[in-house]
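Chemist: Sharing a structure here in structure tokens format.
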Amino acid sequence: MSKYGVNVPPGIPVFNVDEVKAAAEKMASPDGEVVVKSQVLAGGRGLGHFTNGLQGGVHIVKAVDAPELAAKMLGGTLVTKQTGPAGKPVNTLYIASKLDLTKEMYFAILLDRKSAGTMIIACGEGGTSIEELAEKFPDKIVKVPIDVREGITDEQASQVVEGLGVTTDKNAAMEQIKALYTVFDKSDCTMVEVNPLAETRDGKLVAADAKLGFDDNAAFRQKALFAMRDTSQEDPREVAAAKYDLNYIGLDGSIGCMVNGAGLAMATMDIIKLHGGSPANFLDVGGNASEQQVIAAFKILTSDHQVKALLVNIFGGIMKCDVIAAGIVSAAKEVGVKVPLIVRLEGTNVDRGKQILLDSDVKVITADDLDDAAMKAVASLS
């Protein structure tokens, strides 16, 4: 953010306890205090808790006490409202200078479906849950749509500054708003959220804390940004799926699904729910999956201990049923599927695909249609 002229708190990332003392001494404020922040891929850190009992993922402490605190945080697991009960591993701490803030505000740039562009959302109150504030006091939220072809104008920047209720130099504040938009634009962001955007006692507008999201499709031109990706913060199943170009999202059900096509995958999950079951995932192998991708998909599905049955639902258009069937047989043998396997095939080379399954020694429950497949998957759990 500082690369594009945004004022941010000075800080040093540390990866082990040995680095903390020097960083804390360098970042200490005149009263000898520093801010120690857990760097996890989730919000709500301040109100979170560590599984070791330590409360809070962000602390203001004396610089001399930072190493002792860091020892309790580094390598620990932080649980917040956004991490889920499993929490996120804390592999990095940010040792930052303590700021003397006089006013806290909320600022975000998001993608807006209605205007088919970007939307700046601003509020004169920040540092707390914007969702609760927006629900109770919707009139305090200022929304400014930005034309992506023109970018932000001085008039729009001024509108945001007025909405924030900035009390310091308004021209300097406008430049900060424009700099934040430049970050969003030049970094291919899907979101820039600053909470709080704060005024300091010396009259500066500072992005005191922020969360950014980036468009995966822009990875090829944002190499430096994506090189900083920490996959330990992500679902390992989703990381593994991405390596094989599989679209996977983990859920909390018990029926693992492998489907070709996003729409069919959604329909499969819906019909599982309709018959009283619960999907363990969304997994779209795409329209032209190879046998190796099918094997990879099976490995991911069977690695989930919640999965008590597997449902394969393939409609072969571009995808050929015989290729999928061969992949299912190979995967079942390689992985060693120990749960009921329900397979529904339809489309290109379907007869050949069914014959491959029939001739194999893999135990498969075949289904005639999607409804039949879902019912058999749910019944197999009992």
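Keep in mind that glycine also has a Cβ here, set from the backbone N, Cα and C atoms.
Keep in mind that TrEMBL annotations are predicted by a computer and have not been checked by a curator.
According to TrEMBL:
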DOMAIN    1-198  domain 'ATP-grasp fold succinyl-CoA synthetase-type'
BINDING   Lys37, Gly44, Arg45, Gly46, Glu104  ATP binding site
BINDING   Asn195, Asp209  Mg(2+) binding site
DOMAIN    258-378  domain 'ATP-citrate synthase/succinyl-CoA ligase C-terminal'
BINDING   Asn260, Gly317, Ile318, Met319  substrate binding site
Chemist: For the domain 'ATP-citrate synthase/succinyl-CoA ligase C-terminal' (258-378), how many residues does DSSP put in helix, in strand and in coil?
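Modeler: Tallying H, G and I as helix, E and B as strand, the rest coil: 60 helix, 24 strand, 37 coil.
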Chemist: Rank aside, I only need the closest one: which of the binding-site residues Lys37, Gly44, Gly46, Glu104, Asn195 has its C-alpha nearest to that of Met319 (substrate binding site)?
Modeler: Gly44
Chemist: Hey, how far is Lys37 (ATP binding site) from Gly317 (substrate binding site), Cα to Cα, in Å?
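Modeler: Cα-Cα distance, Lys37 (ATP binding site) to Gly317 (substrate binding site): 51 Å.
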Chemist: Around Gly46 (ATP binding site), how many other C-beta atoms are within 10 angstroms of its C-beta?
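Modeler: The Cβ of Gly46 (ATP binding site) has 16 Cβ neighbours within 10 Å.
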Chemist: Using Cα coordinates, what distance in whole Å links Asn195 (Mg(2+) binding site) and Asn260 (substrate binding site)?
Modeler: 40
Chemist: On the 0 to 100 pLDDT scale, where does the domain 'ATP-grasp fold succinyl-CoA synthetase-type' (1-198) sit on average?
Modeler: 93
Chemist: Between the Cα atoms of Gly317 (substrate binding site) and Gly46 (ATP binding site), what distance do you get, rounded to the nearest Å?
Modeler: 50
Chemist: Out of Gly44, Glu104, Asp209, which of these binding-site residues is nearest Asn260 (substrate binding site) by C-alpha distance?
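Modeler: Result for Asn260 (substrate binding site): the nearest of the binding-site residues is Gly44.
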Chemist: Please give the greatest C-alpha separation between any two of the ATP-binding residues Lys37, Gly44, Arg45, Gly46, Glu104, in angstrom, as a whole number.
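Modeler: Pairwise Cα check on Lys37, Gly44, Arg45, Gly46, Glu104 gives a maximum of 18 Å.
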Chemist: List nothing but the largest Cα to Cα distance in Å, as a whole number, among the residues Asn260, Gly317, Ile318, Met319 that the record says bind substrate.
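Modeler: Between the outermost Cα atoms of Asn260, Gly317, Ile318, Met319, the distance is 10 Å.
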Chemist: Measure from the Cβ of Glu104 (ATP binding site) and count the other Cβ atoms within 10 Å, all protein chains considered.
Modeler: 17
Chemist: In Å, rounded, how far does the Cα of Ile318 (substrate binding site) sit from the Cα of Gly44 (ATP binding site)?
Modeler: 44
Chemist: Using all protein chains in view, find how many other C-beta atoms are within 10 Å of the C-beta of Asn260 (substrate binding site).
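Modeler: Excluding its own Cβ, the number within 10 Å is 24.
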